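Student: First the structure, which I've put down as structure tokens, then a few questions once you've had a look.
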């Protein structure tokens with residue numbers, strides 16, 4: 001599947017958002033870098049998925065708590081509370097994408113060097129009895 005020009009710009013915007021977020025974290029939670037990274041991530045996500053799909057993703061009933069905490073963290077970061085906003089935003093991010101964790105773990109099990117460690121962490125030991 002080929003990406004449209006808008007989706008290609010969205011991928012670049014999302015990558016820049018991750019870069020600015022990482023730079024903001026490394027610079028001791030620098031507020032302007034975190035704010036810029038947040039805005040670029042959200043705009044990139046909207047460009048990749050499209051407006052209607054993004055709105056339906058964030059407004060689903062089972063993801064409402066994650067959406068509220070994610071956008072609350074984004075607003076806290078924008079209003080000069082970067083540390084609190086970052087952690088609230090991370091909580092929202094984990095709640096938004098928690099349905100994808102089994103898929104990510106099953107993919108990581110197939111990666112050659114990471115797979116055995118993931119198997120040790122996620123598999124349980126059955127008792128011999």
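Using the three backbone atoms N, Cα and C, a Cβ is placed for every residue, glycine included.
Copying in the features that Swiss-Prot gives for the protein in this structure:
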TOPO_DOM  1-8  topological domain 'Cytoplasmic'
TOPO_DOM  52-67  topological domain 'Cytoplasmic'
TOPO_DOM  112-129  topological domain 'Cytoplasmic'
TRANSMEM  9-29  transmembrane segment
TRANSMEM  31-51  transmembrane segment
TRANSMEM  68-88  transmembrane segment
TRANSMEM  91-111  transmembrane segment
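Walk me through the surroundings of each of these features.
Tutor: For the topological domain 'Cytoplasmic' (1-8), the predicted model reports an average pLDDT of 89.
For the transmembrane segment (9-29), the residues of the chain that approach it from at least six positions outside its boundaries are 3, 36-48, 82-83, 86, judged by C-beta separation under 8 angstroms.
Panel annotation: around the transmembrane segment (68-88), residues 24-25, 29-31, 34-35, 38-39, 42, 95-96 of the same chain, lying at least six beyond its termini, place a Cβ under 8 Å from a Cβ of the stretch.
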